[in-house]
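Participant: Quick one: the structure is below, questions incoming.
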Ligand code: BGC
């Protein structure tokens, strides 16, 4: 990234007695890392995974001391409110993402672009819990949301992504996670879910909405030919059911990730997908808090369009609403009355992919439709932003352990850092090409 490149160049001019440090949001560790391991003032080095540690600002650090005044009361919710769980709630803004956006805007010199970039911090985006080390941050956010609810008299909800299954991202490499099935991963995963649950339990007055495990069940539908996915199937299912049950007991409204129109929306995939989702729903005890499915997570598809992107050719389900409208009756007939949320965070620009399967840092993407309950369909609870735009999909460094060929494709923006870490140039384009404009 330019920002870090410039800073590194500067450090070579600093006299030797001044200790060099990694910049805020810069890399500060990981297997094979030979750069700075100390972080710039106001930030601390936090491990993201074995390959990457990052300097994170203090305001996004976990605080284990925060307690709510209502902490003693566990949630007693056993019946969800009827209807759309988003209705009547303010969405809590993720401080983690806001800090990333503020730092990114500070690195932009063009004043018009800077001002547009800063607006993104006020758009609600899900917070991903992609490593167990981040789970205690959830308590901090919930306490903050609880406090805001008390001062404003409004009801708040916090949006999270549960993302730490063992052998994660079984059909790709870019987002391989911290747990392996071979090394006690399923138990570790249950421990991770328990940690999230323990934080949620302390704040019964704050509603939590969770997206469960992007890509995992979709891989079970179409990628069982991949050895790692086949080997992960039973752990994915057991882990997902464990998470859904545990969260439902606490009144968390969950949506299972359901890929996107260009994945499970192909006609031969619809029925097997519906069978799997309905089975998971049933095996979890048909919890009423398992509200439905999340689609287009971290992808780029239009919600609804009259001019299909050429890459979608051959599929009648060429946008997310068409996919959802085809899938919903298949779920209903199998006993799962699913509702949907749809990620439109990076879907502002269409016709930018060479193939529908391009998913990694697709070049020239723009921020999309803002989160809204105005979805035009009773099946869809909300258009949301799930992938935090500006966080990377995967590294383009061909020698990295998590290098995935998709991130080296012509349609992928390069050079790109490790998945989940900040990608300044990509963020700036999302801002520039936002549609509607920022
Ligand atoms: C990464 C995660 C990250 C998420 C959201 C995924 O591709 O693997 O580490 O939290 O994207 O940016």
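Including glycine, each Cβ sits where the backbone N, Cα and C put it.
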Participant: Given that TrEMBL annotates 128, 130, 260, 263, 359, 387, 391 as binding substrate, state which candidate in 223, 299, 374, 429 belongs to that site as well.
Facilitator: 299
Participant: Just give the helix, strand and coil counts over the domain 'CBM1' (20-56), going by DSSP.
Facilitator: 0 helix, 17 strand, 20 coil
Participant: Considering each pair of residues in 128, 130, 260, 263, 299, 359, 387, 391, all listed as binding substrate, report the largest CA to CA distance in Å, no decimals.
Facilitator: 23
Participant: Relative to the Cβ of residue 263 (substrate binding site), which residues of the same chain, six or more apart in sequence, are found under 8 Å away?
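Facilitator: Expected: 218, 222, 269, 357.
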Participant: Cα-Cα separation of residue 299 (substrate binding site) and residue 215 (active site, proton donor), in Å?
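Facilitator: Just about 11 Å between their Cα atoms.
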Participant: List those of the recorded positions 128, 130, 169, 260, 299 whose Cβ lies under 6 Å from any atom of ligand 1, in sequence order, or write none if there are none.
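Facilitator: By the Cβ criterion, which requires under 6 Å to ligand 1, the hits are 128, 130.
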Participant: I'd like to know which of these binding-site residues, 260, 387, is least surrounded, judged by other CB atoms within 10 A.
Facilitator: 387
